[in-house]
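Chemist: Here it is: the structure, laid out below.
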Amino acid sequence: MGVWLKNGMSFNKDGELMRTHIKIEHGTIAAILYEQPLEANEEDVIDVGGRLIVPGLIDLHVHLREPGGEAKETIETGTLAAAKGGFTTVAAMPNTNPAPDRKEQMEWLQARIRETARVNVLPYAAITIGQKGEELTDFAALKEAGAFAFTDDGVGVQSAGMMFEAMKQAAALDMAIVAHCEDDTLTNGGAVHDGEFARRYGLRGIPSVCEAVHIARDVLLAEAAGCHYHVCHISTKESVRVVRDAKRAGIRVTAEVTPHHLLLCDEDIPGLDANYKMNPPLRSREDRDALIEGLLDGTIDFIATDHAPHTAAEKAKGIEAAPFGIVGLETAFPLLYTHFVKTGVFTLKQLVDWLTIKPAQCFGLKAGRLAVGAPADIAVIDLETEEAIDPETFASKGKNTPFAGWVCQGWPVMTFVGGTLVWEKGRA
């Protein structure tokens, strides 16, 4: 029989926002009607009341912490947070304990995902054993076990020779290398950006060059290896310039940016609050402006949250001792919609694309589009209601956000994965 989502608004193939009815059947989108009346039995209809219907959002950079970090997050709680944020596909980073660095561990992780995940989870495999940068993992075995791509996110692969070999192996398997870009000899042991905030409080700063020089090295290695190379959480104007030049040279490089690096700079940190501590750190206003420009001109391909939950006790240690990272799955769309679409910096279509079809295209995913035959991974979003961000209402175990109290519009109200309603606002 199927179910109709009635009276929504969505973008057609020409990018026009139109009144829409969508039929879900057998886990896929069976029909789409634009600007037409709907004749269907009442029991087979969900009236979404004029709200926005978009492809389920895609986040290719999240930390679900399981195994080993279950006090911070689990696959179940993290994917419930994803569903609450309108995300139907997330890619899980491998900095867990143990890391998915061998076939058996990847198989365990896949089984755990099947048992507990609320949304689609794409597991990354580690580039090196234990993410220690000393010995490459067995790429072929990990791909066979279901690895999505390879990364040592959380640390940069310091050896150029090891990264080059990793890229050659990944290219032979038609897999991507996804990189946290940071030259450890240049990080200075810092906790924040090497800028005015660091100087004001006498803190050691992380210079911009430690990221940009790593990207510059890697894009040349990727060119030589013929590998798809993806830059995680780009944060500096120099990095944007390197990626832009690499793309112009025809190198197969893609890049992501986080909501927090688009929204904040180090000038916005209110004292020594560890909820503003992440890696890469909040950079200068010039850097933030370059990130926005890079996203708009296509240098940066899409947005990813780098959702990184920690316990309250960990974040209470202070800005120097606390771990890096903030949560982002439940706040990404409302923050970006309110502060960029409502202000005219981005169009609604651009924002939706950067969170759906753009990451899907970069990594060859079937998700990210509303089309007949596509997976029925769908989010319904209320663009009108204003609500303040309240960490105590988060589904994530992590409450570590710098955005508490920010008033936003653009809140997801329903999320479907494979045609199944996995989260609805107001329902337990």
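A Cβ is built for glycine as well, from the same backbone N, Cα and C atoms used for every other residue.
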Chemist: If Swiss-Prot gives His180, His233 as binding Zn(2+) 2, which of Asp153, Asp194, Asp218 does it give for that site as well?
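Modeler: Zn(2+) 2 site check in Swiss-Prot: besides His180, His233, the record includes Asp153 out of Asp153, Asp194, Asp218.
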Chemist: In Swiss-Prot, the substrate site includes His63, Leu64, Arg65, Asn95, Asn279, Phe324, Gly325. Which of His310, His339 does it also list there?
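Modeler: Swiss-Prot lists His63, Leu64, Arg65, Asn95, Asn279, Phe324, Gly325 binding substrate, and from His310, His339 it also lists His310.
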Chemist: Given that Swiss-Prot annotates His61, His63, Asp153 as Zn(2+) 1-binding, name the residue from Asp297, Asp301, Asp306 that shares the site.
Modeler: Asp306
Chemist: Validating a neighbour-count step here. Other CB atoms within 10 A of the CB of Phe324 (substrate binding site): how many?
Modeler: 15
Chemist: Is any of the binding-site residues Leu64, Arg65, His310, Phe324, Gly325 within 10 Å of Asp153 (Zn(2+) 1 binding site) (Cα-Cα), and if so, which, in sequence order?
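Modeler: Neighbours among binding-site residues: none.
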Chemist: How big is the Cα-to-Cα gap, in Å, between Arg65 (substrate binding site) and Asp306 (active site)?
Modeler: 12
